[in-house]
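Trainee: Pasting in a structure now, in structure tokens, and then I'll have a few things to ask.
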Amino acid sequence: MVTTSTPKKLAKVEHLKTDSNYLREPVASELLLDTNYFTEDAIQILKFHGSYQQDNRDNRVKGEEKDYQMMLRTRNPGGFIPPQLYLALDRLASDYGNETIRATTRQGFQMHGILKKNLKPAITAIVQNMGSTLGACGDLNRNVMAPPAPFKNKPEYRYALTYADRIADLLTPQSGAYYEVWLDGEKVISGEPAPEVKAALTKDLDPTIFPGDAEPLYGMQYMPRKFKIAITVPGDNSIDIFSQDLGLVVITNPKGQLLGFNVYAGGGLGRTHNKEETFARIADPIGYVTKANIYDLVKAIVSTQRDYGDRTNRRHARMKYLIHDWGVAKFKAKVEEYYGKKIQPLKQLPAFKYLDFLGWHEQGDGKLFLGISVVNGRIKDDGDFKLRTALREIVQTYQIPMRVTPHQNVLIYDIKPADRDKIDKILIANGVEPDPTKIDTLVRYSMACPALPTCGLAVTESERVAPSVNERFRALLDKLGLPDEQFVIRMTGCPNGCARPYMAEVGFVGSFPESYQVWLAGCPAQTRLAQVYTDRMHINDLETFFTPMLEYFKIDRKPDEGFGDFCNRVGLASIREVCKH
Ligand code: SRM
Ligand code: SF4
């Protein structure tokens, strides 16, 4: 008997990509219209250019037009922001934005509140000041992460940044649409890709490349879904490697020369409440490749997901589902087919640590860097607290570069020791604490996504309530006789996981208005997935909810055991039993 199965229908976005003439339409045409919003179809393509259409949800009035505004996101591998770009973003925040700049969890900056008519001048200004928004959003490779510390005497840190840059270039759209739409065709060159990157895109007889295509690697349909890469150094998990589609670790010899990379794949955090088929997943180890082969390996993994990722169901389209469905062995075999070689066994690595690089540090060439805590990434002036003013003054005066960190903070670097006190003074005069030991550790290690009012997907608050949640936690810990306790708290307004709550020791994931799923048992090194403890905790119940749990922790913890490790050791069932939840 012959059975025929009907091929599944492609997701609508797949048609929009194919019909977009390599990301040009309908954005280019709609940009010329005298409207204050883009249509649904244009919105999907606009994302590839680094912008989302949003509306201020605080201003929604039933029956009235939404308060449309655009969010712009920068693409800056490893979080590198030259001084000229920072000052341009700061100006744009006043000229077109909402007077804030927001450091993101992938080391980019976001601007909110830009009207459609101002989008073109804003993007033009970013590109003319050595920045880009191309590929910051959309179905392609997103901002490539790397540890933000600018150590000049640790070659592995330099390699991580260099390769973050090169892999970002390898996976940047090539079609030219971005420059046509926003810069009237003028291609502002802020640094040509390295020759080896160019060569990797034009290799003859390479099964990963579409010869002669305007997008040699992506083709006209781009990726099935967003794709995320991070590169780190042994022991440094500042970039949350296990949450990435593709994670690389630089391997050097004792002389500090680059040998190759350990490869991890299949991480991803986005999920949907009550849909078991969607889940957060941590990456699997895949193996080791030499530095000569790294571009071929990256292309092989990207092409495997490009060709086999699910283009019919966007909730099932991330590479983590392909690896989950196939198993690691089949995935690896397919990658090796594209790669043309065997992937070698993984090199042994030291344990990963959580590093945030806040405070003053020597950078290894006689100069210093300073990591500054930015609460939930929001750079703003608010009463006596004037972080935005302080950063502007520092960058303007000293013309120093910046790295955005994966924890929504910023590092300024290349600072002469003689300028250290002056910089401290500027910060203190503007109400900003430069000494991280004076910042509450709960605040220091926590993150929250933007959620309301800008995020269209938020079911409840995140950034706006996170500071009060940290304060209430601290008060509770004090009351329970745990005054010095610290742990990683992360909050999001919906289950998409933008502040990586599923890796936290305590994760709050918006599930209903004012209510959160609570995730426990992650660890500070970000190497273990947390587990869901409850689906709904009303924010008003925080103290009653956590009191019995923290009392249990206080009595039964092992010496020096953190809260996440404790929850993992005793198990969530035991906590439920003790707490009668
Ligand atoms: Fe995210 C969608 C904000 C990092 C998973 N994310 C969104 C949107 C654009 C909402 C939308 O689609 O309409 C949010 C804009 C909010 C706003 O008002 O600005 C948004 N995501 C952010 C940022 C700004 C959060 C932050 O606190 O910094 C981060 C920007 C990073 C960057 O510079 O590129 C951000 N998002 C992440 C991360 C963490 C990471 O990448 O390390 C994740 C989880 C990791 C992952 O991708 O698996 C993440 N965002 C999502 C998802 C779920 C994806 C999925 O696989 O299901 C969505 C929704 C979607 O894609 O459909 C989403
Ligand atoms: Fe929006 Fe949800 Fe991401 Fe928060 S986690 S920014 S609410 S999509």
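The backbone N, Cα and C atoms fix where each Cβ goes, glycine too.
Note that this is a predicted model, so its numbers are computed, not measured.
Here's the feature list from TrEMBL:
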DOMAIN    65-124  domain 'Nitrite/Sulfite reductase ferredoxin-like'
DOMAIN    166-342  domain 'Nitrite/sulphite reductase 4Fe-4S'
DOMAIN    361-428  domain 'Nitrite/Sulfite reductase ferredoxin-like'
DOMAIN    443-579  domain 'Nitrite/sulphite reductase 4Fe-4S'
Trainee: How many helix, strand and coil residues does the domain 'Nitrite/Sulfite reductase ferredoxin-like' (361-428) contain under DSSP?
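Mentor: Each residue of the domain 'Nitrite/Sulfite reductase ferredoxin-like' (361-428) counted once, the result is 27 helix, 22 strand, 19 coil.
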Trainee: Could you please provide the mean pLDDT value for the domain 'Nitrite/Sulfite reductase ferredoxin-like' (65-124)?
Mentor: 98
Trainee: Tally the residues of the domain 'Nitrite/Sulfite reductase ferredoxin-like' (65-124) by DSSP class, grouping H, G and I as helix, E and B as strand, and everything else as coil.
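Mentor: Within the domain 'Nitrite/Sulfite reductase ferredoxin-like' (65-124) the tally stands at 25 helix, 17 strand, 18 coil.
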